[in-house]
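Enquirer: Got a structure for you, written out below as structure tokens; questions coming shortly.
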Amino acid sequence: MFYSDYLKLLKIFVVGVFPCTLFVNAPHGKLAKQSKLFSKGYISGRVGWVLMELVAPLTFLYAIRNNRHFESTLPSLGDGSNRDYLDSCRKVLAGMFLVHYANRALVSPLLMAPQVSPMHWTVFVSAVLFNFLNGMSIGLYLVQASVQHHPVSIIRRYIGMFLWLMGWLGNMYHDNILYDLRRSSNKKKDPDNLDTVQSENSYYRIPYGGLFQYVSCPNYFCEWIEWFGCYLAAGPSAEPFWWFFLSEILLMLPRALKAHQWYCKKFPKYPANRRAIIPFLM
């Protein structure tokens, strides 16, 4: 199969799931077990998190390592010096993908997150399917289609790399604010305190710092910046990277809106001027 085949399946999956996310709270995290529809069928949040996120880098590496079309793309790329440059571009894009998922699949759930709420098996299966299709489409694209057939300006590439780096760092920074807050909340465990709310086996408090001054889910917003930067670096013809970015928006925006509503409902003193995910707008 070619990258376009997996990309078509990814499009069908995202377009099919998006309407569901508008009306159903994805049963994981602070919104777990809040619907009778998902009252049973939960698995360990930490184990599920690691396994479902590992699918993306593993399928990505499989696509690159075992694709027979890789060598056949190289002769059409020009002389040796041009080929070296093009291969370096592929390596940078692959590095962006793998570095993100190293943090997402291993560092965050195993080293940083103090507690992880259970997740419903439907969330796990959906994430596995998305990560499989996304990992295969992007991995195969890098070795089959060659983003370098449509040269990207140096300025665009470096702007994209800078945005990716800022988004990646911002995502981790705001995640760590939430982790630190949860650690301190779990130690103080005072459900009668209006600034502390219990959900499942975790205690939550109002987060502050960084972009939390403006939005409830800055970690999501930073991840959008991260993958938009990756798309810029890949070039306008890099459709799998564009769809990864678009999928992040379609699948995370409803979650951010529901999380914002949860904060406003649970905390009487929640900042009224704080938006859900985009500063000053939404």
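Numbering starts at 1 and runs along the chain as it is shown here.
Heads up, the Cβ atoms here are built off N, Cα and C, so glycines get one too.
Small disclaimer: the values here were computed from a predicted structure and weren't measured.
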Enquirer: In Swiss-Prot, which of 9-29, 93-113 is tagged transmembrane segment?
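Expert: That would be 9-29, the stretch labelled transmembrane segment in Swiss-Prot.
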Enquirer: Between the stretches 9-29, 43-63, 158-178, 232-252, which wins on the count of C-beta pairs under 8 angstroms to the transmembrane segment (123-143)?
Expert: 43-63
Enquirer: Give residue numbers and ranges for long-range contacts of the transmembrane segment (9-29): same chain, 6 or more residues beyond its ends, CB-CB under 8 A.
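Expert: That would be 35, 37-38, 42, 45, 117-120, 122-123, 126, 129-130, 133-134, 137, 240, 243, 246-247, 250-251, 254-255, 258.
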